[in-house]
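Below is one structure, written out as structure tokens; the observations come after it.
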Amino acid sequence: MASVVADLPSYGPIAFDQVDNNTNATQLFKNNINKTRMNDLNREETRLKTFTDWPLDWLDKRQLAQTGMYFTHAGDKVKCFFCGVEIGCWEQEDQPVPEHQRWSPNCPLLRRRTTNNVPINAEALDRILPPISYDICGANDSTLEMREHAYAEGVIPMSQLIQSIGMNAVNAAGSVTGTAAPQPRVTVATHASTATQATGDVQPETCRPSAASGNYFPQYPEYAIETARLRTFEAWPRNLKQKPHQLAEAGFFYTGVGDRVRCFSCGGGLMDWNDNDEPWEQHALWLSQCRFVKLMKGQLYIDTVAAKPVLAEEKEESSSIGGVAVASTQASEEEQQTSLSSEEAVSGDVAPSVAPTAATRIFNKIVEATAVATPSTNSSGSTSIPEEKLCKICYGAEYNTAFLPCGHVVACAKCASSVTKCPLCRKPFTDVMRVYFS
């Protein structure tokens with residue numbers, strides 16, 4: 001199996017005829033050639049020319065070049081011009097496209113996104129690229145053809161439910177099964193925050209564009225991917241007990257100042273970490289309305305954290321300390337709105353003929369009727385996830401979220417928090433609900 005190469009220059013060296021001449025003119029000539037070639041690597045023909053001394057006869061260099069790779073002339077390492085991944089240590093059974101997809105599943109070329117790629121044969125390229133079923137998230141609207149109200153077999157036709165009982169009624173309904181912890185409406189959270197709360201460094205969570213548009217965008221979409229957040233912790237203080245991977249997993253990226261971190265989703269900031277502070281707990285304690293926390297951990301976890309006497313006392317003490325940011329009057333008003341009861345939440349948008357309690361009952365009955373059995377456990381004790389239930393973005397976890405209003409259930413919680421459009425229908429969503437299968 002091939003392996004990915006990390007911490008290498010952004011472009012591998014291009015082979016030149018070695019001339020023992022250190023004059024400025026010669027160096028300038030080489031630099032100009034190198035720059036020209038790098039600028040042309042969006043062309044398959046140029047990429048193919050870099051394989052003149054490719055050492056592996058059994059690995060198709062044409063297919064490598066066809067799918068965005070060029071030869072770095074360092075061992076058997078190749079690099080994709082479009083996603084930047086470097087792959088080396090190829091083995092006999094390795095194939096270009098599967099290995100490329102394995103190490104860089106979000107490559108825009110493999111996902112059929114719009115790029116400046118210039119193929120030699122566009123039809124040949126189309127034949128070897130992963131099919132649309134493996135490329136749902138990044139497919140162009142023009143290449144994605146499906147029925148407007150289509151949904152995967154066995155999943156909940158949420159759009160039909162929403163049309164009948166209204167969006168807020170669905171939000172008020174909570175979780176999808178009676179055995180799971182209830183999930184609240186995911187709304188705009190407004191908090192001053194920190195482990196103690198960060199003064200001046202925190203902006204309340206707001207949705208971009210305005211709430212009138214109905215569409216959700218994380219505050220820092222560039223850090224929606226966990227690996228992007230992890231890269232910000234290079235200068236993280238090493239004496240702190242909280243490790244970068246723990247903070248990144250909990251949705252935080254490092255601001256580069258002291259021990260201050262921010263949540264990519266709600267924009268809240270935490271600082272002054274104590275040795276016993278656990279990132280997820282602090283996130284849930286101070287930023288309880290954060291949609292990322294709700295998706296990943298659930299409302300029951302948030303309520304449990306808030307109920308812990310020690311944490312509750314710490315939060316109360318921190319809020320009373322001078323110099324700590326406190327939510328403004330406007331924030332308090334919005335916070336009150338987010339904690340409205342189900343009856344208040346649905347009073348404006350639901351048809352008068354459907355009472356909130358009735359909507360909840362209808363929703364639960366539909367969910368119970370369409371619930372899918374829990375995946376079986378094999379003899380080794382590990383749970384095998386059927387392929388049809390895999391997240392259609394990462395293909396590594398079971399899908400467990402529903403995008404609203406389209407109702408498509410195709411992504412795991414972590415991936416759902418990193419996109420702004422439904423991966424299936426490519427339409428912006430206004431909300432995401434955690435789904436529990438019994």
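Any Cβ shown, glycine's included, is placed from N, Cα and C.
Note that the coordinates shown come from a computational prediction; the quantities given were computed from them, not determined experimentally.
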Additional site residue, H245, H283 [criterion: listed by Swiss-Prot with C263, C266, C290 for Zn(2+)]:
H283
DSSP helix, strand and coil counts for the repeat 'BIR 2' (226-293)?
23 helix, 9 strand, 36 coil
Residues of the zinc finger (391-426) by DSSP state, where helix covers H, G and I:
4 helix, 7 strand, 25 coil
So for C266 (Zn(2+) binding site), how many other CB atoms are inside 10 Å of its CB?
30
CB contacts for C263 (Zn(2+) binding site) [other CB atoms within 10 A, all chains]:
30
Over the zinc finger (391-426), what is the model's average pLDDT?
85
Could you put numbers on the helix, strand and coil content of the repeat 'BIR 1' (44-110), residue by residue per DSSP?
20 helix, 9 strand, 38 coil
